């Protein structure tokens, strides 16, 4: 079968926006699927990669899919920038039947399988369509049949129909946020996007992961107001910065008491998600209401 990267056909209208439709044959039915969202630069790739390792240490077979054209989601797992699905397809002139799994799947730390979807050239095409074709390619190669957990690491806080496409595959959406105005403002917009998607797909909000924050008071106040819950809290430690520079996950860094507390938190998060976190029925605030709600400390 040939996979051609072309502009998607808008097949569904939801609240006035055109969305990229999901072929029922492309649903991921053999694994628990999590989509990780959050403000750009908040640490989604760090969170996703360490969460993937935690799942693997529970004995689960894990696949992490990076959905950013920068293709830097998985480098702490693989120790290199993995080739993207788009790169692999271009190399065979988009004749996907000529690809082998090793052309676009890299095994990382502790057996976590890593895929970087990549994206079309800047200013062209639809990144969400690329994500859909990545899932289709994985199914063609039967790579999802031996997978227990799929983690989508999604570009920034983009919630257009295209980059919301991982929500079509996900069971639970997780939002990474810091304890500040900009991160929570972005989180509210993501909640709105997930609220919209949940009307037509099975995705539900799983909860919030507090990251790079000494405190969580503003996060917790917002969660209580809209119907979210905090699943985990990761403080802003220098070991996180150093792990990125060493191209390593936190589980590979020199152990210290504070680092053990963080890796234990990741293990607890993985256990909670695997056990089946109840969905959050959150209702987003209007932008102006949120503006008045936050801050003033």
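If you go along the chain as it appears here, the first residue is 1 and each next one adds 1.
Every residue gets a Cβ built from N, Cα and C, even glycine.
Taken from Swiss-Prot, the feature ATP binding site covers 41, 42, 43, 44, 45, 46, 70, 211, 212, 235, 236, 237. Residues or ranges marked as Mg(2+) binding site in Swiss-Prot (evidence: sequence analysis): 45. Among the features that Swiss-Prot reports, [4Fe-4S] cluster binding site is placed at 126, 160.
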Lowest 10 Å Cβ neighbour count of the binding-site residues 41, 43 is held by 41
Around the Cβ of residue 70 (ATP binding site), other Cβ atoms found within 10 Å total 13
Cβ neighbour count (10 Å, all chains) around residue 236 (ATP binding site) is 13
Going by C-beta under 8 A and a gap of 6 or more residues, the same-chain neighbours of residue 45 (ATP binding site) are 66, 68, 72, 73, 74, 76, 153
Residue 212 (ATP binding site) has its Cβ surrounded, within 10 angstroms, by a count of other Cβ atoms equal to 20
